[in-house]
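**Student:** This is the structure I want to talk about, given as C-alpha cells.
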Amino acid sequence: MEGDCLSCMKYLMFLFNFFIFLGGACLLGVGIWVMVDPTGFREIVAANPLLFTGAYIMLAMGALLFLLGFLGCCGAIRENKCLLLFFFMFILLIFLAELSAAILAFIFRENLTREFFTKELKQHYLRNNDTDVFSSTWNSVMITFACCGVNGPEDFEAVPLLPYSSLERSTPEACCQRELQSREGMIVNREACLSGVERFQNRQGCYTVILNSFETYVYLAGALAIGVLAIELFAMIFAMCLFRGIQ
C-alpha cells in the first residue's frame, strides 16, 4: 500500500510539474511577444523603464518556471531527492514573491484610477517631444489604441502649446486619425485634425478604450494567477511527501 501511495504521489508530482512547465512556457512566450511585437507594444515597453523592466521580469520568471517544471518532472520520475529539494526551495521562493506582488498590486490599486492618469498627463505631457519618455509613451499609446488623452481631447486644454505652434487648438498630433494605427501610418488630414475638426480626430479617451480592450484578459489573468499559485502549492506538498517517502 505504501508503494502504491508513493507511486501515486510520483505521478501526481509529475502532472503538477508538467502544468508548471507549460505555464513557464506560456509566460516565456508572452514576454518574447511583448518584446518583438510589431504592432506598437514594443515601442511602448521600450519607452517606459517600468514596463521595460516588467517585460524582462516576465521573461525571467517564464524561463525559471520552465526550468523548474522540467527539473520537477525529472526529480519525480527518477525519484531524485536532491532535485526534489532544489525544486521545493525555488518553488517556495517564487510562490512567496508572487504572493507579495499580488498583495502590493491590491494595496496600490488606487494609483490606477482615471483621476490619477489625468493628473499625470496634464502635469508631465510635452506633446510631440519624443525625447521625453512620458510624452513618447503616451503618444505611442494614443496612436496604437486610436484614442486621445485619458478622457478625451479636452484633457489637453490645460497642456501648454509648443512655442512654435501656430495652431489655435490644443489637440496633439497623436490624436489624429490615421490610415494605419501605427507611427508609420499616414495621418488622414493633419491640418484639419489639429485645427479642431472632430471627424478627423480620435475622440474617445484612452482609459475607456484600454479598459474595454483588457477587461476580459484581466479576469483571465487573475484566474490564471490563482490557478498557478494553487498548482505551485500542491506541487510543493507533493514534493515534500515524495522526498520523505523516497528511501
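Glycine is no exception: its Cβ is also placed from the backbone N, Cα and C atoms.
Keep in mind that TrEMBL annotations are predicted by a computer and have not been checked by a curator.
What you are looking at is a predicted structure, and each value in this text was computed from that prediction instead of being measured.
Among the features that TrEMBL reports, transmembrane segment is placed at 12-36, 56-77, 84-108, 217-243.
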**Student:** Output the single range from 12-36, 56-77, 217-243 maximising the number of Cβ pairs under 8 Å to the transmembrane segment (84-108).
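**Tutor:** Between the candidates 12-36, 56-77, 217-243, the best contact partner of the transmembrane segment (84-108) is 217-243.
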**Student:** Apart from its near flanks, which chain residues at least 6 from the ends of the transmembrane segment (12-36) lie with a Cβ under 8 angstroms of it?
**Tutor:** 42, 45, 55-56, 58-59, 61-70, 72-73, 75-77, 87, 91, 228, 231-232, 234-235, 238-239, 242
**Student:** Residues of the same chain, at least six outside the transmembrane segment (217-243), with any C-beta under 8 angstroms of its C-beta?
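**Tutor:** Cβ under 8 Å, 6 or more out: 6, 9-10, 12-13, 16-17, 19-20, 23, 72, 75-76, 79, 81, 84-85, 87-88, 91-92, 94-95, 98-99, 102.
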